[in-house]
Amino acid sequence: MQIRQSVKFKKPLIHYITNPISINDCANMILAVGAKPIMAEHPLEVSEITSISESLGINLGNITDNKMKSMLISGKISYEKKIPQVIDLVGVGCSKLRLDYAKKFILECHPNVIKGNMSEMKAIYGIKSSAKGIDVGACDIITEQNFDENIEMIKRLSMETGSVVAATGVVDIISNGTYTYIISNGCEMLSMITGTGCMLTGIIASYISSGNILEGTALAIVLMGICGELSQHVKGTGSFRNELIDNIFSISDDIIIKKIRINSY
């Protein structure tokens, strides 16, 4: 929990290039964990913005030519200046443009964290996936039958890229190739409002600013899962969204420790 308190105390500046669908919620989620968001995306300014930031988030949702240029510029600056960065592989399972771009970004920018659902992870690893748009395909969902093989794939992807790999879903798998965590927190309603994955990437970017990449990533995923569970009593998805942000802001370390469901593998 030291990472949480450090972020709240230091209020790191997080540069997050994301999509217009979820940008407001992403900025508010970064604020909720105690960091400061800046969502600049113009190709002529992102180099300067990334350089003064303490972490970088890259989200491939709703990409445009300009954003593709900006993301690559920021990613390279982040790598050169050793600023922690996370890429969210939104849609690489259903779009060749995004898949090819993601491979180029990973090769040239060396992100500290690669995040996505299992369909996106299979696509980036070169395995046929069954993505349903930006959502995980039914055949790619982690089950008891494919649990071990999916963990091995995530570990291999981490070792090949040198990145912490975070595969999110009903069960979350986070690995740096040596240490692997399995997280079972969360609820169905997290998949019923748009942008929760994008919001999570903002939290990951905030927490890896501490330099603790594996632990910061795992903590962000645990936090989102537990706060989803705490928020699901509400009337519907609109109030769930608001309750989720409130719980991210107000949850205590004691509740996280009490409700966390995490195992090493």
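The backbone N, Cα and C atoms fix where each Cβ goes, glycine too.
What Swiss-Prot annotates here:
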- MET39, GLY195: substrate binding site (BINDING)
- LYS115, THR168: ATP binding site (BINDING)
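Distribution of Swiss-Prot features across the structure.
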{"residue": "MET39", "record": "substrate binding site", "DSSP class": "coil"}
{"residue": "LYS115", "record": "ATP binding site", "DSSP class": "strand"}
{"residue": "THR168", "record": "ATP binding site", "DSSP class": "strand"}
{"residue": "GLY195", "record": "substrate binding site", "DSSP class": "coil"}
Neighbouring C-beta atoms (10 Å sphere around the C-beta of GLY195 (substrate binding site)): 21
Distance [Cα-Cα, Å, rounded] between LYS115 (ATP binding site) and MET39 (substrate binding site): 19
Rounded Cα separation (Å) that holds between MET39 (substrate binding site) and THR168 (ATP binding site): 24
Rounded inter-Cα distance in Å - THR168 (ATP binding site), GLY195 (substrate binding site): 14
Cβ neighbour count within 10 Å of THR168 (ATP binding site): 26
Other CB atoms, at most 10 A from the CB of LYS115 (ATP binding site): 31
